[in-house]
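**Q** Could you have a look at this structure, given as structure tokens, before my questions?
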């Protein structure tokens, strides 16, 4: 700062840009433009409070410094006075400096632009700006295309991954299904092979004494095949085995020829007994239960039967009798729950059957009883088969006599009846509402023309009023003449009203004309029959009396 202050000011910085003379009391504006005080007073304060070079508003700054009298840059003014004292003195005295005039004269002449030069510069600038704009738009378009391509590629990749995952899952599922089908087919082949081998071995050893036993064996073999094909038929066989008292359960036929090997007979009832019982097995639950039971325990039961028959380890038939009783109770509960119309119930075991049906699952109970039946068969069953059949006949005869209504089925029937009744009542209410709405619409469409209604007919005046008027006229005619003064005037007024009605095209009715003619005739007759006094009275009052009238009045007096 000190070096700048010590350096001499160039002459160009000491000249006012407005008056082109030495600065006199220079004023430095906030925008760093400097001009002399007289020029500041003339241009800024009087014209506008803005800088004459950059148009910056300096009103606040000018008011503040004029109030404090600090408009003049004293430091610059002192330096100018030190460097150029003569010019400052000459300027203060009002004389023009010759040096400045010489400098102005020595300035080079201004150069003018060539024709079309400015237009060319303008067009060049416009083309430059347009090129920049096009380049920017092209860059934006390219960026948007790249982004769209990127999004499409990502979406295609996601779709491809999803399709691959779905295809992989389908292939895995197909593999699992193939393995399951293969295992099922192998199990089915093994079971069929074992059944065929067992049947071939037993056919040599078993000697059937009766033709009914051959029929039962054939039905048993067919039942083994139907166990895999028709679950409903298997369910019929499985349930009737526990309920049919006449089926020969667990009795043994000995082969007299070959080492007396025992063999279990098939547990299949005849079709005639099924028809006699009338058990209708149309519910899918029993067939499903027995299908699961047959699939899980068929081979184990056959193996256990063979081992027990070969070893000869059979227990007594007392346990089988108890199990048959429990099986009958369970079957009563199942048939009572599923078929309420054909329920089987014994009076002493009714509560037990209901509790057993609620507490234990049906298919588990059936599987347990079938296993124990096969395990508890003994060699001496021929002697005790009759007692077993008698016990079962007694139990089933008691159950057939006493049907039990199912509580659940009764509730369902009652609920269905309530719903049907409610539906019927709602339909009746709907029909009644429609009928009432139709009647209401019909009443609204009808027009009431009765008396007192807004749409009543505008009737003519009654004939009774006209008759009363005629009677009044007759009474007036019969009355003395002074009372009959005003009557003709009223009739005339009424006639004039009828004649001068507002409707000019309206014609008088024929009856009124006839009636008016009769009234006039009667009045004329009355006037002729009356005395001269009556004639005088009927004359108009405002008429000027004649001499004859005066003589008549005097004669009358």
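Using the three backbone atoms N, Cα and C, a Cβ is placed for every residue, glycine included.
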**Q** For the motif 'LR motif 1' entry in Swiss-Prot, name the matching range from 93-111, 112-130, 207-225, 226-244.
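**A** Checking Swiss-Prot against the ranges 93-111, 112-130, 207-225, 226-244, the motif 'LR motif 1' one is 112-130.
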**Q** For the motif 'MIU motif 1' entry in Swiss-Prot, name the matching range from 26-49, 50-73, 170-193.
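**A** Checking Swiss-Prot against the ranges 26-49, 50-73, 170-193, the motif 'MIU motif 1' one is 170-193.
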**Q** From 145-153, 154-162, 253-261, which range did Swiss-Prot mark with motif 'UMI motif'?
**A** 145-153
**Q** For the motif 'LR motif 2' (449-460), what are the same-chain contacts with Cβ under 8 Å, counting residues 6+ beyond its ends?
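**A** Residues packing against the motif 'LR motif 2' (449-460) from afar: none.
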